[in-house]
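Novice: I'd like to ask you about the structure that follows.
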């Protein structure tokens, strides 16, 4: 579109309402996976963990993910559905594109679950995850600043100073976990392509 600010799209208002139950269910589903994994893995002698102990272990293991999902529901949803008052559909749509990397995250976990982590499909999926995460979750933020600056006739480096400090703080808070997860993805990709495949099993 010619201008990123005025255009409206009905999905920008509808999708956040769909995203709230998704994030809530995702936290619940991840906890169930963590809990049942602890109940069935290597507990022939030790008793299975209690619900409270499992919840504590789950939060210690995936605290950043839980905080991310909670922020999406408690902060980002009110902003997207109420506070912005129908403005900024372009920028909201760009932020929603971050979910383009999610299918590759899920496929990677499925391939590992079925012990297909040394297959060509897993490597191709890793490349797709790396590229989509970089474009849609990391480089997305400089692009949003550039798009706003282009609309206002400002160079990219002057855009942060033209925005309220709360906007820059919110962008930094959203970008920080993406940089952390991208570093983990890069480390996983390095191990994936550096480690030779296991020798074929003898009949």
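Positions of Cβ are set from backbone N, Cα and C atoms, glycine also.
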Novice: Checking feature assignment: transmembrane segment per TrEMBL, candidates 41-62, 63-84. Which range matches?
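Specialist: It is 63-84 that TrEMBL annotates as transmembrane segment.
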Novice: Could you tell me what the rest of the chain brings near the transmembrane segment (14-33), counting residues at least six beyond its ends with Cβ under 8 Å?
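Specialist: For the transmembrane segment (14-33), the sequence-distant neighbours (Cβ-Cβ under 8 Å, at least 6 residues beyond its ends) are 54-55, 58, 62, 65-66, 69-70, 72-73, 76-77, 80-81, 92, 96.
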Novice: Counting only residues 6+ away from its ends, which parts of the chain sit with a Cβ under 8 Å from the transmembrane segment (126-146)?
Specialist: 91, 94-95, 97-101, 104-105, 108, 156, 159-160, 171, 174-175, 178-179, 181-182, 185-186, 188-189, 192-193
Novice: Short question: which residues 6 or more past the ends of the transmembrane segment (63-84) have a Cβ under 8 Å from it?
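Specialist: Long-range Cβ neighbours of the transmembrane segment (63-84): 12-13, 16-17, 19-20, 23-24, 26-27, 30, 92, 173, 177, 180.
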Novice: Can you give the mean pLDDT for the domain 'TLC' (1-194), rounded to a whole number?
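Specialist: Average per-residue pLDDT within the domain 'TLC' (1-194): 85.
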